[in-house]
Amino acid sequence: MFELSSSPSNTPPLPSSPSNYLCLYFSMEPKLHLFFSALCFYLVSAYGNTLRTYIVQLHPHGVTSSSFPTMFLWHLSFLDQTLSSEEDSSSRLLYSYGSAMEGFAALLTETEIELLRGLPDVVAVRPDQLLQLQTTYSYKFLGLSSTTDGAWVKSGFGRGTIIGVLDTGVWPESPSFADQGMPPVPKRWRGMCQEGQNFKATSCNRKLIGARFFIKGHHVSSVPPSENMVDEYISPRDSSGHGTHTSSTAGGVSVPMASVLGNGAGVARGMAPGAHIAVYKVCWFNGCYSSDILAAIDVAIVDGVDVLSLSLGGFPLPLFDDSIAIGSFRAVEHGISVICAAGNNGPIQSSVANIAPWIATIGASTLDRKFPAIVRMGNGEYVYGESLFPGKSLPIAEKELELVYVTGGNSGSEFCFRGSLPKEKVKGKMVVCDRGVNGRAEKGVAVKEAGGAAMILANTEINLEEDSVDAHVLPATEIGYAEAVHLKTYMDTTSHPRARIVFGGTVIGTSRAPEVAQFSARGPNLYDSTILKPDVIAPGVNIIAAWPQNLGPTGLPEDTRRVNFTVMSGTSMACPHVSGIAALIHSAHPGWTPAAIKSAIMTSADASDHRGKPIMDGSKPAAVFAIGAGHVNPNRAIDPGLIYDIKPDEYVIHLCTLGYTRSEIFTITHRNVSCSEKLKMNRGFSLNYPSISVAFKHGVKSKMITRRLTNVGNPNSVYSVQVKPPEGVKVRVKPRRLIFKHINQSLSYRIWVISRKKTQTKKISYAEGQLTWMNAHNSFHRVRSPISVTWK
């Protein structure tokens, strides 16, 4: 499932069939219920319970293709051979793919699928998958500055680079997408500004150079939205805000005096404010379908983007079943860096998604910016909370009120569902609501509708101390689990509990950061123990970025306030930070491969927080399965000294070492290879990955790994290795010094990882360390790789 992972989902259940879509009409009426489309699919009622979308992958050099003048007609021929003679095959075709993969998406029955699988040149058939979506300060937190000789200056702020964002679209009128001071659109750009509902070709400019939308997979698989949802635009225009937020985080221009209702005030800037942005709308009210995502990647490759940013994720999949992995491999072959969200299913082990080694997988971290909204209880004690409600300038918002926590029955009143709170119990009072099930800000709407005057949103044991803030519709604050226990104890032991919220505005620099976000998905990698995931972490908690004018800051239809910026949390927010940083590196080093850019980001990442102490994950130091190589550091990534480069062919050999079959590798890479020959020619092969991950199976005591470093720093550079071995492991490196005489010279080294752990000992199942190449004459160049060791 693809996950837009930034806010609670109100997704309706997926229907068992597309029978609601017997005919879909394109319309420009202001009131839409997503029955509209550029196509009219003729689906008679007999198909109702059987038709669904499938992605059919074909051999890129199929023997039957030569009989057809175009690839499109070749694709249609497979439907002609499968469907009944009286049916028009084009009525079933949704997309024809040629860049991300060779093949098509179509509506088919299970019987037709079986016929299709038997045809020549059909490589694989996969059902369409539904995936879900997963600033004024973060650039400063990352050390980006226009006055120092760092990543912004060295890259020209990302000028000339094109970032493609696959998301919910864009609000083009946002000041973050103004083009004043932007260079002309690159001549190599082959994209377009697709017109649609409330979106004209003139909506694009020198900053927002392209915008398209992909809806066919969504249309034939979804139920209509509920009446209380925001109307969807059948165009690249963003109706939910997520895509506007992520796009501006990656490459928004400078916007002075930006804030959320006065909170977090400052200059808003994306990571690469000089880069161009191209938006591909693939996500709609209930999520993102893989057929639409694959179509967008297919087009983006041809359009000429340099970076693809996908804040989409879910749970991990085998690579041959993962449309993002398959499409992104082709993108990487074309020199495009692909950056993806790790997903929001943390802290569950092995929950990290987007695990392909050619993808940069990004987890989420915190900033040292807080929005205190402290609860002062009637007994004089305090409970710490946070909020973006603008209560500091509203004395009435800090009024002391009676506290109430409504429990009992089956109405869900403890979660403050809408309609669950009796007005006679909550009117004029401060209502305590448990977090979970429904949206955080939605609980405030429920309290307000029932006549409540204020709200305390209480974390449960699931959320612990995670502090995602919201611009609530009434005076409100969110408190951690420990604080919630304290508050409820006070309420249980007091006959007439009372409290007031003291709003503190914005506070910077008083807390430890970065820390790992609790929701950030964790490793180890479920399908490949030799590749450590996530790759890095980046700011993803309480990120302020651009917001559309059709929504209030909470994103709820009931919120009539309007803002240009709002706050969101998720690995969706972390992903575009790294997409923007990748754009900076591409601008500074246009000849670098996606693997080189990824290596620069990983080997320069920080393992310590801004106080020089270990990055924390809750109450303990963060493990590599939470942070990967560490926290992004753009000023060091722009000048890494050495890189671990990888050619696309090497990924194929890596798949062979994992035991993938010939057909599975062909599905992923479109390369017909003999693994026995590949492995015979590459004995002892190790993928040249910037991190090191070793899994000892029963009876195995040692492993030898090779790595290859390329000098992108100065000629005549000498590097010496420093190793911090994992507990229970001996690590030997040979040679221990690398002498680079020239720029772009490559040198290899070997690592022997030897287990000292006794097999009967069960105390240690995992250990970590690090290997760092230190420049003998330049302390800035420290090329660090985490080492992960597991015993199975």
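Keep in mind that glycine also has a Cβ here, set from the backbone N, Cα and C atoms.
Just so you know, TrEMBL annotations never went through curation; they're auto-generated.
Feature annotation from TrEMBL assigns active site, charge relay system to ASP167, HIS242, SER572. According to TrEMBL, the domain 'Inhibitor I9' annotation covers 53-134. Annotation comment: TrEMBL describes 158-609 as domain 'Peptidase S8/S53'. The annotation domain 'PA' is assigned in TrEMBL to 401-485. Per TrEMBL, the feature domain 'Subtilisin-like protease fibronectin type-III' maps to 687-789.
The two recorded residues, SER572 (active site, charge relay system) and HIS242 (active site, charge relay system), show a Cα separation of 9 Å. With DSSP classes pooled into helix, strand and coil, the tally for the domain 'Inhibitor I9' (53-134) is 26 helix, 27 strand, 29 coil. A separation of roughly 7 Å, to the nearest angstrom, links the Cα atoms of HIS242 (active site, charge relay system) and ASP167 (active site, charge relay system). The Cβ of HIS242 (active site, charge relay system) has 27 neighbouring Cβ atoms from other residues within 10 Å, across all protein chains displayed. This prediction places the mean pLDDT of the domain 'Subtilisin-like protease fibronectin type-III' (687-789) at 92.
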